[in-house]
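Asker: Okay, here's the structure, questions in a sec.
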Amino acid sequence: MAGMRRWRVVALSVIFTVTFFYYLNNKPSAWNYGYSSYIPSLPKNVLTDGRVHWTKLPEKFPVTSMIPLPTGMPKKIPAVQAPPPTETSQQKEERLKRRAAVAESFNHSWAGYKKNAWLRDEVAPLSGKWKDTFGGWAATLVDSLDTLWIVGLKDEFEVAVKAIEEIDFTTTDEKDINIFETTIRYMGGFLAAYDISDAKYPTLLAKAVEVGELVMSCFDTPNRMPITRWDWKKYMSGEPQAAPMRTLVSELGSLSLEFTRLTQLTGDPKYYDAVQRIGDVFEESQNTTKLPGMWPITVDPSIPSFSDDSMFTLGGMSDSLYEYFPKQYLILGGLLEQPKHMYEEFIKVAKAEMFFKIYNPKNEPILVSGDIRMAGTRPTLAVDLQPRGQHLTCFTGGMVALAARIFDRPDDIATAEQLTAGCVWAYDSNQNGIAPEIFTVIPCPKNGDCTWTDDAYYDALATRYPVENGVTETIPSRDERVKEVAKERHLVPGITELNDRRYILRPEAIESVFIMYRVTGDQKWQDIAWRMFQAVEKVSRTDMAAAAIIDITAPKDQIKLQQMDSMESFWLAETLKYFYLCFEEWGNVSLDDYVLNTEAHPLKRPGRLSESQPWPQISQSTTTASSIPYARQPTPQSAQPPTSSTVSRMNSCWKSSIWSALARKGLNTGVAQYAPARVLNVARSLQGPKNNLLTFIPRQLWLIQQGWWDAITALLLSYLPNLQELEIECLMDSGRYIPQIMEVLDRGRQIGPGTDSSPTPLIKLRRVSLEYSGKDADSGMDLKLLLPFL
């Protein structure tokens, strides 16, 4: 019997081993979550809900060489914001009253969502029902996170952060996932909430990584161009993927900010690599389109090709592509010239062909950004300007103002002001004080007289609304006829057609007003913002939230009847945020500290906010974690600026090696607060029995990495006494940094918990080998570092 039991044990062991290795080989995602494993995942239950759930499959078209983040000290970019305007006590009191009114409006809509549509995408503001319009992943909740923080609703913010743990990004009822919307709303929302709350809520970064891993699956195509409307269930079936033959240019070109910031926060280069490949394609194609310098509304990413479509606009389906050029320059600290170059090439064309002055009764110097259709065939293409204004193009004034500051284009400030004034004019001209979605105006002749006359307006109306064939009319009869047409169609002087009468709570006009206020410091923009807010609040407010309007040109006494049962998440994410910031303290969400994505989510700019944070000053001797002073350490004169490849490889190797080792030893759970946190926060958290923790921060290596990583690593590893061994092997590209690195290694310190008189050795850094190739220091000398942690 004992022998039989032994054979049973052996048989069971064999079965278990075979099953284990089969599962390991066929389900690698169960064991290896890739580079981002150092961001601890939120706990997941095994779901048996009968739904299809996304999981990461092995890539069919893997990247063999990643494009690294550009590195080096961020450039000194000119300040965006003007000096804060002076205000009297009476002006301050008025400003704070206005701010409180906007905050109340936000709180009203947030409460309606929370009560009626919690963890759904949108609340229906009339019926009180809920809608799922963006995957069913609580779009309004995620979109509102950073606004909750900004307006001071910190308790509500924490409730929302707790709730996001319930969002399951592995499944949706949608057949196709809109990658653009998922990126700007969800990934952008999580990243901004993480940044604006000073990295105090690691769950936010973990959720951003979840979204990042999901959307990265749509890049697994032969040319690494994404499938912007992604059939995720088809992906799960294992079918090979290919980029579509037709996609909207904004959906292809507006992923850069969020993916770049995700790489900056996690150290995982794949996100930046994915969008930089797209950026390279756009740069290569900029002068190959039918309107060289700009890109058409639809493009073919499967080739890729940008030369087929003839329609060009800064409005819907294109807008954020152009918006992201100056913003990508900012998020990269000015270290990549490509987005600046692309902006400067496109804005020349837009100013020459797309921006136009319009006839208006007060002869105000205002501009509108129109649409262009390239007529004819190559090589005799001609520009056909469509004089339509879109609410969506109202972002243009803010974009031009931002770029004017950071790219030192002072003459463009006037262009930005006139573009923004054009949208303000569209608001003020309407009897309800709000611009419609799309409207047609009268362009002035280039370099010609733009003085308003009623006759010019009547001529334009008569051309757009001609009489029937064979009917003749005199000038007086024509004037009376078109006046009646204008009355019936609710046309105001200067507008000849209302192409789309809706107002859907859009933010673009107040976005530009906010940026103009921060860029110029002119308080007239505050008064404009208040006028706009009062108009929007009056027509949109419902008992539980705010509603879009079917026809914003309806008579005032009937406008409430035009309310739609719809409130998109950008009402809380963007529109009310911009209104609030127009009356907020000057330094809150400063444009010199943050760059806002196209959903108004503020992402930290490198080298800006970090400069206002205290850097720990570490002496040559070992110090305790609790005694790290708050003075900034001056940069040693001997430190040399590292090359891009040097820093990239060092960061990648250092991070992945450490966290892979932690994962192997099962120590990667429960330390989320250490992975992305600042070193001082980590130091402060090591209290109680660890208060005599000894730390050593290799200063020169820290400078080379331009970050906190080595300090965080030292503290984290010291905090984990169970970690006994770790090996890192990094190949450095340039011998230029050998002296600094040797100094770090030769100054090896013991760090670990213990007593002051007898520290327990946990980790010791020591030099093992340095290999010199004998080549010149600037020609790519290799330095091989092997750092055993004993």
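Even glycines carry a Cβ here, placed using N, Cα and C.
Note: TrEMBL annotation is automatic and uncurated.
Residues or ranges marked as active site, proton donor in TrEMBL: E181, E437. Annotation comment: TrEMBL describes D319, E508 as active site. Residues annotated as compositional bias 'Low complexity' in TrEMBL: 626-646. Here TrEMBL flags 626-648 as region 'Disordered'. Positions annotated as transmembrane segment by TrEMBL: 7-24.
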Asker: Just the number: how many Å between the Cα atoms of E508 (active site) and E181 (active site, proton donor)?
Answerer: 17
Asker: For E437 (active site, proton donor) and D319 (active site), what Cα-Cα distance in Å is obtained after rounding to a whole number?
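Answerer: Rounded to a whole number, the Cα-Cα distance is 14 Å.
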Asker: Just checking, which of E437, E508 (active-site residues) has the fewest C-beta atoms within 10 Å of its C-beta?
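Answerer: E437, out of the active-site residues E437, E508, has the fewest neighbouring Cβ atoms within 10 Å.
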Asker: Rounded to the nearest Å, what's the C-alpha distance separating D319 (active site) and E181 (active site, proton donor)? Just drop the number here, would you?
Answerer: 14
Asker: I need the least crowded one of these active-site residues (E181, D319), counting other C-beta atoms within 10 angstroms of each C-beta.
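Answerer: It is E181 that, of the active-site residues E181, D319, has the fewest other Cβ atoms within 10 Å.
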